[in-house]
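Presented below is the structure to which this report refers.
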Amino acid sequence: MCGIVAAVAQRNVQDILLEGLKRLEYRGYDSAGMTVFSDGVLTRHRALGKVAALAARLDAAALPGFSGVAHTRWATHGKPSEANAHPHHSSDQVAVVHNGIIENYERIKDNLQGSGYEFYSQTDTEVIAHLVAEKQAEGLSLFEATQQIVNGLGGAYALGVMCAAEPGVVVGARQGSPLVVGVGINEAFLASDPLALLPVTDRFIYLEEGDLVELREQGAIRIVDRHGNGVERAIDTFEHGDGAASKGEYRHYMLKEIFEQPKVIEAALEGRLSANSVLVESFGPDAQALFQRTRQVHIIACGTSYHAGLVARYWLERYAGVPVQVEVASEYRYRHPVVPEGTLFVSLSQSGETADTLAALRFAKTLDYIGSLAICNVPGSSLVRESDITLMTRAGPEIGVASTKAFTTQLVALMLLTLSVSKAKGQAEYPDIIAALRTLPEVCQRVLALDRQIEILSQAFAEKHHALFLGRGAHYPIALEGALKLKEISYIHAEAYPAGELKHGPLALVDSEMPVISVAPNDDLLEKLKSNLQEVRARGGQLFVFADESVGINAQEDIRVLTLPHVHEALAPLLYTLPLQLLSYHVAVLKGTDVDQPRNLAKSVTVE
Ligand code: G6P
């Protein structure tokens, strides 16, 4: 989604802001802009398109100065255009960058227009600039003005505000959208994601809901909470390192992140297993008692994370004997869910900032759950801070919009949850699955070695407009995820079905033009799956099968088969995800799409 960077420094901030924007581009990217206090005035450049377009403007006319605010935009109110790009100004007095949505902006806009303020954009953000200017005209400081006006803003926001009257000051506010303060040496920064600021600091303050912060010269930082009381917030050191923000030897972040999976799966397991068992305390000191009381689980998530939740349903029911419901957050939050006694609420999110998932958690906290668990990749994110217990997936920053390593590490975390619930309830401890988990990084490595073969396979898809993915059991969600990946980055229409449903409709679509992709691990549904594949062959469909080396499905004219190493049945969904990721990647590269930043999508959807 949108990204904010702001700085008050002892050096020229233009390049710090620009580098920050480049690093945030993966979140949303239809336009970008920057305002710097330069030569005694607030000076702004904005450009439609990628950050590179803004960089070209800056090459032509630099914006040197010691303080500034900058933004990448993903349109919500008003189409992508230069006029709608942030920062928004009130005259040349106030500049604002904003993530989120101001729900009551129309009424505020009417009032401001009544007072003579002119509007130059269709955004909800512009009202904030005028509101601050109006308060400043009454004699308030930038901090006081911002503090007063945020109370009247409905919806969600993270803000960065500066004004011509106080050149060395930037004010930030957070309500419903993430914002961090970067603590430098005699300088201070703001950003919607710490990644943006890693070239200048690794020390961060994660603001809390309702916090207002003032950055001043010499690195002075003042924070007040939602009640207006001065507060000290802890400074955390960012531990992921900065390597994640570069592509290294890879052509795209997505490919890099696919190939990082053995390493991050290992990281996700580290310190969480004993010789033959899972360490329940990986979920925190309260987990044992909570899991003991768990009689049901409700899992809520969006997008790829939702697919991870669907896999977990098969696991938790089969291996921990606990009934599970899985639902997308945007539906759940507006239902009237019935919460049976002893139900644990589990939210899954790579970013921990997805608006619907966060709203679902907050809603769940008003219901009769025994507790909330967040499985998340971003420490310090809202979801993590607001849940009772948490487990970090340790995938490291994921830049490609299409989620890959975040998904497989979520699956690892969900298997750890399955084993932990079973163990805490005094049931089986599954040493066989534990042993298989340990070998998983190495088996994944062997699957990734099939990359070249998958690349060759991908040529059959480049001219296609549709594709069908089939799976059974816990591999049905893997088929869903495979179809999502293909449509996200190659724009080929793809659907997934449980293979047993084929004859209830989708079979009508199958002809010699329709590629049908199936995953065929060696499990107790294999024979049934084989019959389903015959149904496709009989209609002339082109089959692409990813199969366990032992299942005996042979390549023929109308079936192309890629064999995968054998893995414990429980972990097969994780392994079979990898070739589907690589397939989508190579198809997208052949089609020439923007793999890391597919059209119309954003990495972290912080609006509803
Ligand atoms: C967006 C991203 C997806 C992601 C989904 C949920 O749609 O493009 O890749 O799966 O949000 O994000 P989360 O951070 O909550 O896992």
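A Cβ is built for glycine as well, from the same backbone N, Cα and C atoms used for every other residue.
What TrEMBL records for this protein:
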type	residues	note
ACT_SITE	Cys2	active site, nucleophile
ACT_SITE	Lys603	active site, for Fru-6P isomerization activity
DOMAIN	2-218	domain 'Glutamine amidotransferase type-2'
DOMAIN	287-427	domain 'SIS'
DOMAIN	457-598	domain 'SIS'
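When the Cα atoms are compared, the residue listed as 'active site, for Fru-6P isomerization activity' and the residue listed as 'active site, nucleophile' turn out to be 10 Å apart.
Note on the domain 'SIS' (287-427): mean pLDDT across this stretch is 96.
In terms of local Cβ density within 10 Å, Cys2 ranks first among the active-site residues Cys2, Lys603.
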